[in-house]
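Reviewing the structure listed below.
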Amino acid sequence: MLFLLLVIFTISLYFSSKWYNNIFNPINIFLGINLLSLILMYGLSGLDSHLSPMIWYIIFVMFISYLIGIFLGSFNYRVLKEKRIRKKETSRKRLLYTIIFYSIIYDISAFVYIWEINKIFGFVGVLSKLTKMNIAFQSGDFSVGIFNIFLPITYALSLMILYYIKFYNNKLLLIIQYILCYIPALSPRRDTLFYLIFMSLVFVFLTSKKKQSTEEIKKYFKFFSILSIAIWFMGMSQNLLNKASSHSFKLFHVPIPSSLNEIIIYIAGNYPYLQRLYELQQLSMDHFLVASLRIYYIYIAPILGIHVNTKVIFDLPLMNIGTDFNFLFNTVPMLYYFLKESGIFFFIGFIILGFITQKLFIMFNKNRSPGTLLLLSYFLFLLFFSFRSYNVIYLSSLLMLFYILIAYFIIDVERSEE
């Protein structure tokens with residue numbers, strides 16, 4: 001099975017890169033990260049890599065469904081190609097005004113966030129208190145109230161700043177504001193940092209040219225310097241939180257450096273956990289769109305007299321996925337959530353996801369507007385982290401999409417042409 005996965009991974013990488021003329025594309029991101037998760041599952045020592053035939057079947061259906069969505073998105077584009085279409089143009093003024101507006105809202109929220117951290121934990125020694133912060137975050141003892149609603153602006157804001165710096169003006173104030181976008185990453189919850197790094201890398205890959213000018217190289221050097229510091233902080237915080245594994249792992253019988261332990265476990269453990277849920281008969285449909293509309297079922301449905309218990313689905317218990325030692329894990333691929341909300345029709349969700357992403361990818365390559373870049377980045381973000389989560393279940397991810405949509409409708413100006 002490992003050999004077959006390697007063959008599929010190589011073929012997918014080669015042909016999709018040829019088709020898109022870009023290695024960074026919707027097929028490689030979704031199939032690539034999930035295939036990599038399965039390959040690492042087989043290679044990581046101490047991990048139970050046995051998956052039942054049923055799990056392999058639904059994984060196969062997931063891949064095929066997603067590819068069908070990709071091809072439908074391409075076909076739809078070709079059909080409409082010769083008809084009257086609407087093109088998107090970038091308004092530089094609107095982009096700058098949106099950056100300023102978002103920066104004001106975000107900076108106020110970030111200031112309150114830092115103020116509260118300093119008041120409760122002390123800002124100077126905050127790195128030595130990450131475990132204490134983690135307990136406070138999880139118990140709800142730490143909160144910045146309504147300002148939590150505005151912190152997810154950071155994702156849209158950081159991408160708009162990068163776009164403006166690259167295509168218009170490399171202002172020092174914008175670079176400083178981009179650095180400030182990483183303030184929410186000063187948290188025991190590392191998701192914010194993961195997402196900021198990934199979406200910034202999306203920007204680099206989608207906007208890079210084959211031949212870079214000296215000025216562009218200088219801009220990217222500043223950008224990668226910030227990213228390098230962010231990645232270093234991510235690894236350091238893992239150790240400070242005492243979440244780093246004390247076990248020595250091998251990957252395909254080769255010892256892994258301790259610095260890579262956690263990231264490989266992070267990717268490799270999700271499908272074995274899905275197998276554990278299958279063994280416990282926890283993959284049957286629970287409630288229609290209970291994952292995609294989770295926020296609705298939590299906050300709005302009770303007002304309408306509809307009560308759905310979402311805790312059973314989303315409060316995943318720690319379970320042992322190891323063979324040689326107690327290997328506790330509790331994250332699961334997007335596939336699980338689609339099964340819980342649509343049962344045997346789970347494939348429809350992947351068709352829709354492939355269709356939307358392909359349409360946005362085509363739109364961006366045609367007009368390269370910042371608004372389309374924001375939307376595409378969001379869906380690529382969902383695809384990339386599909387190996388371990390379905391981020392739509394989180395309020396912060398929905399707020400991220402909300403702020404991206406607002407920016408999209410402000411920045412991109414439509415015009416019709418024959």
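Cβ coordinates come from backbone N, Cα and C, glycine included.
Curation does not apply to TrEMBL; its annotations are automatic.
Within the chain, the transmembrane segment (54-75) has long-range Cβ neighbours (under 8 A, six or more residues past its boundaries) at 26-27, 30-31, 34, 38, 271, 274-275, 278, 335, 338-339, 346-348, 350-359, 362. Summarising the annotation, TrEMBL assigns transmembrane segment to 54-75 (among others).
The transmembrane segment annotation in TrEMBL covers 95-115 (among others). Here the transmembrane segment (95-115) has Cβ contacts under 8 Å with residues 123, 144, 147-148, 150-151, 153-154, 156-157, 160-161, 163-164, 168, 174, 177, 180-181, 183-184, 186, 370, 403, 407, 410-411 of the same chain, all six or more residues outside its ends.
Look at TrEMBL and you will find 142-165 (among others) tagged as transmembrane segment.
According to TrEMBL, the feature transmembrane segment maps to 172-187 (among others).
Look at TrEMBL and you will find 193-208 (among others) tagged as transmembrane segment.
Look at TrEMBL and you will find 220-236 (among others) tagged as transmembrane segment.
Feature annotation from TrEMBL assigns transmembrane segment to 256-274 (among others). Residues 33, 36-38, 40-41, 43-44, 47-49, 51, 55, 59, 235, 238, 243-245, 248-250, 283, 316, 319, 321, 327, 329-333, 335-336, 387-388 of the same chain, all 6+ positions outside the transmembrane segment (256-274), place their C-beta atoms under 8 angstroms from a C-beta of that stretch.
Same-chain residues lying 6 or more positions outside the transmembrane segment (295-314) and placing a CB less than 8 Å from one of its CB atoms are 286-287, 337, 340, 393, 395, 398. Positions annotated as transmembrane segment by TrEMBL: 295-314 (among others).
Through the fold, the transmembrane segment (334-357) approaches residues 26, 30, 58-59, 61-62, 64-70, 72-73, 76, 274, 277, 283-292, 313, 376, 379-380, 382-383, 385-387, 389-390, 393 of its own chain, all at least 6 residues removed from its boundaries and within a Cβ separation under 8 Å. The transmembrane segment feature in TrEMBL is assigned to 334-357 (among others).
Annotation comment: TrEMBL describes 369-387 (among others) as transmembrane segment. Under 8 Å from some Cβ of the transmembrane segment (369-387) lie the Cβ atoms of residues 26, 29-30, 33-34, 36-37, 88-90, 95, 155-156, 159-160, 163-164, 194-195, 198-199, 202-203, 206-207, 267, 270, 333-335, 353, 356-357, 360-361, 363, 400-401, 404-405, 407-412, all in the same chain and six or more residues away from its ends.
Per TrEMBL, transmembrane segment is recorded for 393-411 (among others).
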